[in-house]
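Since the structure comes first, as structure tokens, the remarks are kept for the end.
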């Protein structure tokens, strides 16, 4: 029975090793996603407006321009009506965030955006990124959009616990999950999102599937399409979401019009706090 | 406790595969007490049969009842089939037995295909919804058919023990994705004693099975090799393949070409990796399964490819379809026809779609052309010719895999069409910069495939000679690599769907 014990010994060592591995946090997965920054550079129909954050290769977050701003100063800019928004997601939001930023800034909000290329719910659930972002920036509201990479998965029911965990990480902070802008038939991921997050906190981007032009990879919305997507989202956010009264971002206002609201202080359309934002922005710009 | 029980319970959408933690738990549990029963034949077979049935339950849930029915039906039916020489059982009886076995396969695998095609002709039958294919049904159906035919032809006697037959049909390493084991090869192994030590001098002529150091090394090495082929190589390349095949219209020529190569490697790594693990696991338990692959992409012609690819299936098709039809005994023209029929059946066995039939038909055509070429042309020799033949054969096989993977003509033609319309010199560098690991994995796969049998034997011997703690450490390192490269999605074995 000598070799029988040898096989058992190997099995025991293997289990011990696996338990030890479970205690170690391995580096982020080296799995493939459809994001391959640079691969399509020569085919890109549009130039990316801003350099987005790339997360997975290193453990440290690369901060965007506004993240680099002094955090304390940013916090001090907040008043009772100004909000601190965290926008996090996968590569689908690369251009989407530009519009969100523009609109949010126009109404006096501070926004931190974070793109984790190739990410899916597993990573956001298991890794500490979202928790760290929340802890570091203490946002008033979270816009979260992950799921593009999940459209390739077969066992989509497995995503459910990760989705629940991500939602739980928000710890009561207003949280909106912006569904992935599918470029192909949905595999059930959106239905799971809807069930887990709830109608009023889940935006079904999938409904725009046929309206969004795609980049040459056939998957990512182009910059122009992302504007349509972002505006549709903001409209939904302002009118139908659970936090429609939480912070005001939409509709977009031309600069001159914004200024006139401030000047005349006769804004019957806008909530008072939005007016306050505009005033504050003007003050900051001085 | 509940969590442990969950590991041994059927879970929909959670394939039970060799490279999963659940299987490691299952196998550890099995092996921990195997030593207590291995010395006694009945206890050993009963113990392994119970675990095999549990394995099938975890894999397929309620379809366990179907497997049990197949076991009982074929065991008792074979008792009604005396050998042909005795002229007691009419051929119709054998046909009935085959039909019963095929009926489940026809229903679960092909019903909706036939209904869909009838509807295409203007009829209006409703499709059967929620039709789930029982895992491994194509494999164990072929095993039961070959068993009944062999009994009828007097090649083997009908099994006299229900336990022996149940063990043969349900033995878990080969149950769900082959190799397709013939009763004639497997049943004789059941009665022999199994020892986990080298044979002593006086036991040199013993019929017992001695799992010595060399065989242990072979078994462990096959499992390690299979694990790396399946979970690292095939699953990693599979992630890229999923991208390419899910969006053929978005691919450049280079991406499409590398996607096709990647799938060519993926399907080989996936299936031969599974076979390696199955053979290795069976060996650790004291049973020998037949080889299923012999470096198929080294073949220089399509006939040679089918001697190296999925050997247990191709030999089954040869022995139970091609030869009974007439084989090469009725002249070249009929031989070509028989080849085509055999390959069409082979294609259809893989899946219920016209794309699979096309795939089988094209391989049949390839075989016909090669046979004709051999008959009418002088075969040129030399290294240049060999390289040309390899390139031609490899690409013939690789391009036909596109139809196999895509399952539709439209998508397949679209992807192949990209090869001729979207070339740009800048793609090479950009692809290398963006996806270097895909290129490295493809190169590595071709390199490993080029190793000779001797090289492989040397590696196997080296691994077998290592202290067992080192062997465990190598397994652990392999697992770390697999964890790092795997996608969050579970990638079931491709051949599970067949």
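Every residue gets a Cβ built from N, Cα and C, even glycine.
Source: prediction; values computed, not measured.
What TrEMBL records for B:20-38 (among others) is transmembrane segment.
The annotation transmembrane segment is assigned in TrEMBL to B:45-77 (among others). Long-range Cβ contacts of the transmembrane segment (B:45-77) within its own chain (Cβ-Cβ under 8 Å, at least 6 residues beyond either end) map to 8-10, 12, 15-16, 22, 26, 30, 33-34, 37, 97, 100-101, 104, 134-137, 140-141, 144, 147-148, 159, 162-167, 169-172, 175-176, 190, 285.
The transmembrane segment feature in TrEMBL is assigned to B:89-107 (among others).
Among the features that TrEMBL reports, transmembrane segment is placed at B:127-145 (among others).
TrEMBL lists B:165-187 (among others) with the feature transmembrane segment. Tertiary neighbourhood of the transmembrane segment (B:165-187): same-chain residues 45, 48-49, 51-53, 55-56, 59, 67, 70-71, 74-75, 78, 135-136, 139-140, 142-144, 146-147, 150, 155-156, 159, 271, 274-275, 277-279, 281-282, 285, 287, 289-292, 310-313, 316, 493, 495-496, 498, selected by CB-CB distance under 8 Å and a gap of 6+ residues from either end.
The transmembrane segment feature in TrEMBL is assigned to B:336-362 (among others). Same-chain residues lying 6+ beyond the ends of the transmembrane segment (B:336-362) with a Cβ under 8 Å from its Cβ atoms: 109-110, 112-113, 138, 142, 313-314, 317-318, 321-322, 325-327, 330, 368, 371-372, 400, 403-404, 406-409, 412, 497-498.
Here TrEMBL flags B:382-404 (among others) as transmembrane segment.
Residues annotated as transmembrane segment in TrEMBL: B:425-448 (among others).
Feature annotation from TrEMBL assigns transmembrane segment to B:468-485 (among others). Tertiary proximity for the transmembrane segment (B:468-485) is limited to same-chain residues at least six positions away from its ends with a CB under 8 Å from its CB atoms, namely 19, 220, 224, 227-228, 231-232, 235-236, 437.
Long-range neighbours of the transmembrane segment (B:382-404) within the same chain, counting only residues 6 or more positions beyond its ends whose Cβ lies under 8 Å from a Cβ of the stretch, are 260-261, 263-264, 267, 296-302, 304-305, 350, 355-356, 358-359, 362-363, 366, 412, 415-416.
Tertiary proximity for the transmembrane segment (B:89-107) is limited to same-chain residues at least six positions away from its ends with a CB under 8 Å from its CB atoms, namely 66, 70, 73-74, 77-78, 80-82, 134, 137-138, 141, 144-145, 148-149, 152. Remote same-chain partners of the transmembrane segment (B:20-38), defined as residues 6 or more beyond its termini with a Cβ less than 8 Å from a stretch Cβ, comprise 4, 7-8, 14, 44, 46-48, 51, 54-55, 58, 194, 196, 281, 284-286, 490.
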